[in-house]
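> After the structure tokens below, expect a handful of questions from me.
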Amino acid sequence: MAMKPEVEQELAHVLLTELLAYQFASPVRWIETQDVFLKDFNTERVVEIGPSPTLAGMAQRTIKNKYESYDAALSLQRQVLCYSKDAKEIYYTPDPADLAPVEEPNAEEQTGAAATPAAAAAPAAAAAAPAAPAARPVAELPDEAVKASLLLHVLVAQKLKKSLEQVPMSKTIKDLVGGKSTVQNEILGDLGKEFGSTPEKPEETPLEELAETFQDTFAGSLGKQSSSLISRLMSSKMPGGFTITVARKYLQTRWGLGSGRQDSVLLIALTNEPASRLGGEADAKSFLDSMAQKYASISGVDLSSASAGASAGAGAGGAGGATIDAAAFEELTKDQKVMARQQLEVLARYLKMDLNGGEKKFLQEKNTVAELQSQLDYLNNELGEYFIQGISTSFSRKKARVFDSSWNWAKQALLTLYFQIIHGVLKNVDREVVTEAINIMNRSNETLIKFMEYHISHCDENNGENYKLAKTLGHQLIENCKQVLDMDPVYKDISKPTGPKTNIDKNGNIKYSEEPRAAVRKLSQYVQEMALGGPLTKESQPTIQEDLTRVYKAINAQAAEHNISDSTKLEFEKLYGELLKFLETSNEIDASATTRLAGVVDDDLDKDSTKEVASLPNKSEISKNVSSIIPRETVPFLHLKKKLPSCEWAYDRQLSTLFLDGLEKAAINGVTFKDKYVLITGAGAGSIGAEVLQGLVQGGAKVIVTTSRFSKKVTDYYQSIYAQYGAKGSTLVVVPFNQGSKQDVEALIDFIYDDEKNGGLGWDLDAVIPFAAIPENGIELDKIDSKSEFAHRIMLTNILRMLGSVKKQKSARGIETRPAQVILPLSPNHGTFGGDGMYSESKLSLETLFNRWHSESWSNQLTICGAIIGWTRGTGLMNANNIIAEGIEKMGVRTFSQKEMAFNLLGLLIPEVVNLCQRSPVMADLNGGLQFLTDLKEFTGKLRGELTETSEIRKAVSIETALEHKTVAGANADAAFAQVEVQPRANIQLEFPTLKPYETVKKIGSPDLEGLLDLEKVIVVTGFSEVGPWGSSRTRGEMEAFGEFSLEGCVEMSWIMGLIKYHNGNLKGRPYTGWVDSKTNEPVDDKDIKAKDESHVLEHSGIRLIEPELFNSYNPEKKQMIQEVVIEEDLEPFEASKETAEQFKHEHGDKVDIFEIPETGEFSVRLLKGATLYIPKALRFDRLVAGQIPTGWNAKTYGISDDTISQVDPITLFVLVSVIEAFIASGITDPYEMYKYVHVSEVGNCSGSGMGGVSALRGMFKDRYKDQPVQNDILQESFINTMSAWVNMLLISSSGPIKTPVGACATAVESLDIGVETILSGKAKICIVGGYDDFQEEGSYEFGNMNATSNSLDEFDHGRTPAEMSRPATTTRNGFMEAQGAGIQVIMNADLALKMGVPIYGILALTATATDKIGRSVPAPGKGILTTAREHHGNLKFPTPLLDIKYRKRQLKNREAQIKQWVETELEMLKYEAEGIPAEDQETFYAERTEEIKREATRQLKSAQAQWGSEFYKNDPRIAPLRGALATYGLTIDDLGVASFHGTSTKANDKNESATINEMMKHLGRSEGNPVLGVFQKYLTGHPKGAAGAWMMNGALQILNSGIVPGNRNADNVDKLLQQFEYILYPSRSLKTDGIKAVSVTSFGFGQKGAQAVAVHPDFLYAAVDEATYNAYVAKVTAREKAAYKYFHNGMIHNTLFVSKEHAPYSDELEQPVYLDPLARVSSDKKTGALVFNGKGIQSSSQFVSEENRKTATIVSELAKKTAGTDASGVGVDVELIKSINVENDTFIERNFTEAEIAYCKKQPSVQSSFAGTWSAKEAVFKSLGVKSQGGGASLKDIEITREAGKGPEVVLHGAAKEAATKANVKNVKVSISHDDFQSVAVAVSEK
């Protein structure tokens, strides 16, 4: 077992303490030390290595005080230095300024004649280039022919893509190419083409010698190859018209260079080729100037004289040249201009053209434009800029978002709730849980109930209190859902009403909060509070005394009117008098109290009880309506008004009774809005409208909501509302809308009413809630501006327009009996607040609709309900007033939370109020009594002033107190109490799987699994990695699971993208270790990286707009094509080389003329009429988005060399990085380590690709066709198997199987299948599998032509961002999103994985591929993979016992007994086989034969394990492959928790794949209500084709190890078509489960490729091994994890994650012997530590016959000898399989072994092997006694095997065994024991 972390930490602490103690306790003796090196050794240079000059300072003081005169006498000059500040002096680094030559610049040089030194910078430095001479040419230098050495040097450097300085002439070509034979052949071919014949083996000759050899026969001129390269350089990188002739002329006139020297300059230019075509002639000349200077420095030529001559000439010309007067020149050329003009006019008249037509048209247009501009200016001045900009249209039908998949969100909400309880996030049933229960009930259906029943029935209460709570709540919720199954959904809010609270702390900070109201704990009580009103809303209430007086007067009046008898009057008078007397004398009754009655009901929802959930479906009877407690002469806080004849609105008790009673019903039992169609505007986040929206969708309404800020963030907000609250039958539509635009208003209503076939919704509105508004704060009467007018338009004009449009649509459709109820947003603010522009006027003007409803003709289409909205806290308009709300309430006014006001407004939609509105307009006062508060403005100002004053006083007191405290106690008095914040540090983990305690593992898997499986037939994934749009598998996993990067994720992404790098050394003169910014070299702390880089990382990762710099400048908006054109006129001539000119002639024949240019030897080429040209053109391509690797990703960051990067296709780099990261994830830091465990032939590579090296293919076809430079070996990089070849050549050096699948988009899963088959067949034990593909414009264009990919322009039109264009399983999915990258897994058999101690991420239980049916469409999706569920059901009554793991285990036990018997028999028979063997060979014979028997027994056992463990279902028609694969590990189809979908976001695939998975589950009998969780990874990554399945498998393995199932975050609305697939759930957010047992991965590729893989949690493998094996494995994995962690972080720091191998693990001499010995293994070289093959171990017999087996052979040979003698009367042989001894069975151990035996066995390294050996000995002893057996269950405790130090095992008999031996005359029993990791063998001999 591994050492526990606590113990390690304790030991480290002790060690550190001891080291420090030793250091402090030991004397330093520094003075003596100084004397030694200063005096004894006379040291002159002292260097301190450390962070600061501590010792150096002491040494300097010592020298000055003690050795100054001593040094003077000896002439010693000492130097004391410190590494941290004197690095330059220590390393003798000169200052760059000192190296610069000191020259006296002349006047010409000071004006800019110096040439730019660097070719690469030439274009940028064009401005600084020397001006061309204006006068005579420069003096020519003596010409010199080009030298063979320069020509050779350039050709080699150019081919290697290096500068001349990087190619030393002392090296050979073979050395320079670094083993790249293809490049070497190219260079030799170029040399042959250039120089003719070449000497023998030129590649092995140093370039210096080779140049001398060439010089002997060299003619001194450029050859074919160099001329061709120069010609290509000029044509591809120089500006148009800048030909070789022009260049040579410039070099001759500017620098005085002859043709030979010009050749040399042009040759040098080949190794400094510009990256792109130069912009103009000045750039080209600057480039040539820099090349000339470079040539001068190489050849030693001085160009300054030429430069000076040119400058002098220019100066002379400028000073003494002839000049001409401008007027004279004009006079000279006047006649020429007149004649030219006359000729032009003659031609114009002939062609009937008006030369001044354009000018005339321009003047007309100018006038028109001026007139239009005048109108615009007028409108701008009149309406204002804000108004004009504000009325712009934003509505678009295409951008409408429709949310209606409540059926899916219900299951997701249930699972979220379930797992939150399981994980302890929710520990009791509070109001949040009850609210969620209501939402679930509102979505209740049969499928949902089955879903709940399954999960609750499988919730084991024994797992803890959380599971118990989940089960209890679940049962109640199920019953609730059953009860409301046929009921309509209801809006029911059970949240606690809150009130405002403003506090000012001691430091003067004003803090506002919402706190529950003490007496109002639920909405039913809230309604009561509203009905009662407050002191401010009531008139003075009568006392009891006053009421009695009124009653007395009323009775007297009645008596007088009805002639009541006097006796009755007297009796009444008497009673009344007694009552008054009683009240006067009573001390208990207060006659002055009011007669108002009120009651408060306790809140039973505050209790932690699940009973509330159980009571939810019950419709409570309201015995006493709230209206009964409305006090007389009191106006409720909420009430309805009626219109008086005076046209004023007054409180109406009867109407208010209806309203409040309806509100009470809604609060207690809820209210439904089913089949209601509602339009709501102004429902942004934090508004009243948003709360109203929640209530509407919760009640089942169909709602269209508008937003003026349409964006992904906004639509996600509304989607989250629907996902949480949307009830069955509800719909939410979100559209962009500007209520200030008339066009938008009309378009919106048209959209609502248009038929669906016309792109509309086909709705008829039942309610309109136009709440849109904008604030106008601070605008008084004299400041009414453009914004105020626009606000008025929004809040009044366009509301009227909107209502008019609704009326128009209803009338057009003849809708007269279904009026839409309009909830008008009125306000109590009738100028009361002031300073709010035209807000009050807008609200007041809406009230005219109450009259117009009667006076106009639209009462059958619209009803009016005005809502005077009171003080609502927290909204955008009132947020600033929150702090004074508490003060307002103290005055008797009731302010409202947003939820309360939303509840009030939704109460206006109840049937009672709707019916009232249909009779007459209704005015609802929801003001809370605010209208009764006079001088509101003054009062609010006073409240705010008091708060401000109190705050400022407390602030001042706080500051004064702090100053006083510091003065008294000191400035640092609080230092001890200061809060210390621990800053986070990034700690990137490799995420090795968590290994549970063995006891936990055994509980997870079936106990019968142990020993059942042949682990060599179990394939596991031990490492995985990827390179993709989100970086590595770690960073992609973070983004997929959590939707954001952690600190570690940001650090890794920043490193990947080259934003940061690691620094260790001096930085700005001080030592620094840590991250630095790659651009600025400034230090960056870990904690700051996320804040600094995250926005850049997110912008340049994932799915995004195509970045041209990543794809050879490919810009889809300017995709280049070529078109063939036949020219109709002769073209102007251009210049080309002779070779090129002849090629033109060869192609065009007589359609081209070519002539040599004598001066340069170049040719003039002229294309004639009829010649054919291919002319480039650009088109706008509509696929603008793709999943791209992070910008800045560079293989060099990982350690891949520049040579490799320049040589291979980019996809190969992705693969190399992925492979090395997969090995690191496997804990393998040196790939050669594999050969310690397997032969080189047993490591295979089965990875593949859909297209392979597309960049190479592009080079082969497109670039080669365009005659652009392309490496000659480009062909090899295009092969799909080349990537695997590079992996082997640079990393692995294996000789195992290589299989390269090509399965289009299913390649990676096909690779898995091939890899698994390769290992199972025995051809390999370790395989690299996976897939990879690139993204390039060619593939993108062709996918677009197939309409397979997402149309970016169409997506933009629909308002989608690039990140959401891949939307699998959604209603709006519209094509897949291409991506690029690689994904790799390392797989091996489980036996090897356990032995190596590599991490196991998952078991590959099933891999399969399948084709589809007859068809004519290659990409058409099919269901062939459904065959993995093929299973015959028929009418069979009984299931096959093979699926019973206990049955299979029993069969295996029987077979093990047979194998045991066979081994014993074979061992006994060896004595007969050995009879003919010479004595000297007998030992070898027994060793080899016993090894053979053991191996055969092992084979038989493994065959039996395969038969009963993992292959029992194969070819059995009753067991589907999928069912059998799961049953192997004791799992059923119900245990398949997750299905990772291919999910490409195409209409066809997502439906077909869902149907396939659903039918699989259904056919195999998956339980109803148990859907698999669907994972759709491509929403995040896009579709990388070949890598798709690999990324999905990586994600599946992460799911198994984390239990987190990622959601499809782009699934805004799941397609209704998918609702029919009841066995699939489509989550949109991640779910943290309590564990996933198995995951299915499906993949579909163009070309009839379907594939599936199932990964099972590794715990089910661990359950199949014994405890000792598991614990040993845990220790190995722990060690590997530490080593891998260290290697990974060192690799990041030093950019050495990838270290390519320079040599194979064997020498050339050992290559063939290693290949031919399957038992050859590597070992560590004693000198270098490298893992290499040693010749001594090859073909060694010790590799075959193990040392353990030799002991067995000795025992068996001794047995043969003893049985051949006469002294042996009894012999017993027993063989036991190690695994067959169950050491965990305490009963078995205690019954058969003595305490001494048990103690001995438990001390041994392998406890199970020791027990097995002892048991074998006991059995052998029993057999040797020759007595009758007492049965298989008899105890063997009486036979004791003792062991003494230095002695072998001895037999001690007790009890019955001793008696039996005595009866059989046995005097002594000897026994020998041998065991290995497979079996134990014991031989016992009884002596008589």
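Cβ coordinates come from backbone N, Cα and C, glycine included.
Computed from a predicted structure; not experimentally measured.
Straight out of Swiss-Prot:
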- Cys1305: active site, for beta-ketoacyl synthase activity (ACT_SITE)
- His1542: active site, for beta-ketoacyl synthase activity (ACT_SITE)
- His1583: active site, for beta-ketoacyl synthase activity (ACT_SITE)
- Asp1774, Val1775, Glu1776, Ser1874, His1875: Mg(2+) binding site (BINDING)
- 1774-1776, Tyr1800, Ser1810, 1819-1829, 1843-1846, 1873-1875: acetyl-CoA binding site (BINDING)
- 1119-1657: domain 'Ketosynthase family 3 (KS3)' (DOMAIN)
- Ser181: O-(pantetheine 4'-phosphoryl)serine (MOD_RES)
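Mind running through what each feature is packed against?
On its own chain, Cys1305 (active site, for beta-ketoacyl synthase activity) has Gly1250, His1542, Thr1544, His1583, Lys1585, Gly1586, Ala1588, Gly1589, Ser1643, Phe1644, Gly1645, Phe1646, Lys1649 as residues at least 6 apart in sequence with a Cβ closer than 8 Å to its own Cβ. DSSP gives Cys1305 (active site, for beta-ketoacyl synthase activity) a helix state.
Under the DSSP three-state reduction, His1542 (active site, for beta-ketoacyl synthase activity) is assigned to coil, being neither helix nor strand.
In the three-state DSSP assignment, the secondary structure recorded for His1583 (active site, for beta-ketoacyl synthase activity) is strand.
Note on His1875 (Mg(2+) binding site): other Cβ atoms within 10 Å of its Cβ, all shown chains, come to 24.
Shown in sequence order, the list is empty: the chain has no residue 6+ apart in sequence with a C-beta less than 8 angstroms from the C-beta of Ala1845 (acetyl-CoA binding site).
On the 0 to 100 pLDDT scale, the domain 'Ketosynthase family 3 (KS3)' (1119-1657) averages 93 in the predicted structure.
Long-range C-beta contacts of Ser181 (O-(pantetheine 4'-phosphoryl)serine), restricted to its own chain and to partners at least six residues apart, with a cutoff below 8 Å, are absent. Ser181 (O-(pantetheine 4'-phosphoryl)serine) falls within a helix when secondary structure is assigned with DSSP.
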> Roughly how many angstrom lie between the C-alpha atoms of Gly1826 (acetyl-CoA binding site) and Val1775 (Mg(2+) binding site)?
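About 17 Å separates the two Cα atoms.
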> Say we define neighbours as other CB atoms within 10 Å of the CB. Which of the binding-site residues Val1775, Ala1820 has the fewest?
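Minimum Cβ neighbour count within 10 Å, taken over the binding-site residues Val1775, Ala1820, occurs at Val1775.
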> Around the Mg(2+) site (Asp1774, Val1775, Glu1776, Ser1874, His1875), what further same-chain residues have their C-beta within 8 angstroms of the site's C-beta centre?
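Everything else in range on the chain: Thr1752, Ala1812, Gly1813, Ser1816, Ile1873, Gln1879, Ser1880, Val1881, Ala1882.
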> Sorry to bug you, but what's the C-alpha spacing from Tyr1800 (acetyl-CoA binding site) to His1875 (Mg(2+) binding site), rounded to the closest Å?
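Here the two Cα atoms are 16 Å apart.
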> Quick check: of the binding-site residues listed here (Val1775, Glu1776, Ser1874), which one has the Cα closest to that of Lys1823 (acetyl-CoA binding site)?
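The smallest Cα gap between Lys1823 (acetyl-CoA binding site) and any of the binding-site residues is with Val1775.
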> Just to be sure I understand the packing, how many Cβ atoms besides its own are within 10 Å of the Cβ of Lys1823 (acetyl-CoA binding site)?
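Result for Lys1823 (acetyl-CoA binding site): 20 neighbouring Cβ atoms inside 10 Å.
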> Taking just the CA atoms, what is the gap between Glu1776 (Mg(2+) binding site) and Tyr1800 (acetyl-CoA binding site) in Å?
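Counting only the Cα atoms, the answer is 19 Å.
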> Ala1820 (acetyl-CoA binding site) to Ser1874 (Mg(2+) binding site): how many Å between their Cα atoms?
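Cα-Cα distance, Ala1820 (acetyl-CoA binding site) to Ser1874 (Mg(2+) binding site): 12 Å.
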> Measuring Cα to Cα, how many Å separate Ser1874 (Mg(2+) binding site) from Tyr1800 (acetyl-CoA binding site)?
16
> Within 10 Å of the Cβ of Tyr1800 (acetyl-CoA binding site), how many other Cβ atoms can be counted across all chains shown?
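Within a 10 Å radius of the Cβ of Tyr1800 (acetyl-CoA binding site) lie 18 other Cβ atoms.
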> Which of the three DSSP-derived classes (helix, strand, coil) applies to Gly1826 (acetyl-CoA binding site)?
coil
> Among the active-site residues listed here, His1542, His1583, which has the most company in the form of other Cβ atoms within 10 Å of its Cβ?
His1542
